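Visitor: Take this structure, written in structure tokens, and hold onto it; I'll ask about it next.
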């Protein structure tokens, strides 16, 4: 950590708002640097300029955490289902740490090293085997001396607890995020009970990321907070949701939506939706507020702008953005100048422009999770026979 920078716990203990960054895999997939399907982060080594630029855009937008682009960078995921890469997990993770640190040093930002759920857990590998995967990633984070650690995107609290137990051995601050909603994890453990397990395992910051929209995630974190307080424990809280509306999702979240991942654009939240999210999260008592898949820098800027008074900081990116559309006062057309006001944007109900599209979808409800034969992973590429079976099965849902 750079001299003079406060750590994440120091900031949270002081009541400060910590703003996370956005969803790197989705943002970089749209830019042509990540392959949808594997969702692996080899771009950190293959195209460092793209990853560096996205870090800078989030920093300019107001983020003060640069999370390493190490999502799904465990060796068992990098080699899963025929995914052939020219870089090792260690090389990717080292490159990601260097990029995050370079940009963090350009502002008052911290570097967070991140690990996520593993194919090995879904394939029912042992606790020892799964923990060994986290340990290999952790070796890089120790070598690069990240400021704190995040265990994120876990569908099962059991695996998240294993991750926290490994990460806490470093003595660094540990945050833990589950990708669950109010219904709980994939084995039915409630958000409150999940949070208690994570805190007891050693996480100082607990919460939710991904799979659901902001308000659903805030609701789930609120349930976590209630569970922790009822158990007589203490923690800080984090929320990093999707930038997509998901009112029709089941417990598996947005990956069950038929639009996932290539048809989600009509569901994207506006910057004004993000203002509401930031305020709701703050009012619930969450102080680490960021984003996950679908979040672009302008979404993070909206969070920073909504909480400008509480933070006492104006994001650099706001130099080019008038609050509540104020910049439209300079527009040449009078009817557009008439939109330069808060009440207009707060009350707007955006149209999709798609006359034949429904407002809701029917999620795929296959109802399988860890332990089911359908989720046993393999190194070999998915065969055409395997795909045909899936295609045939999907038609019956």
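Backbone N, Cα and C define each Cβ position, glycine as well.
Caution: TrEMBL annotation is automatic and unverified by curators.
Predicted, not measured: the structure shown is a model, and the values here were computed from it.
Feature table excerpt (TrEMBL):
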type	residues	note
BINDING	210, 292, 293	Zn(2+) binding site
DOMAIN	6-307	domain 'Hcy-binding'
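For the listed features, I'd like the structural context: burial, neighbours, distances.
Guide: Cβ neighbours within 10 Å of residue 293 (Zn(2+) binding site), excluding its own Cβ and spanning all shown chains: 28.
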Visitor: Take every residue in the domain 'Hcy-binding' (6-307), average their pLDDT values, and give the whole-number result.
Guide: 96
Visitor: Let's check the environment of residue 292 (Zn(2+) binding site): how many other CB atoms sit within 10 Å of its CB?
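Guide: I get 30 for this one.
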Visitor: Using an 8 Å cut-off from the Cβ centroid of 210, 292, 293, can you name the remaining same-chain residues around the Zn(2+) site, in sequence order?
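Guide: Same chain, not in 210, 292, 293, Cβ within 8 Å: 23, 26, 153, 179, 209, 211, 240, 241, 242, 291, 294, 295.
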Visitor: Sorted by position, what residues of the same chain at least six away from residue 210 (Zn(2+) binding site) have a C-beta under 8 A from it?
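Guide: Non-local contacts for residue 210 (Zn(2+) binding site): 23, 152, 153, 177, 179, 240, 241, 242, 253, 292, 293.
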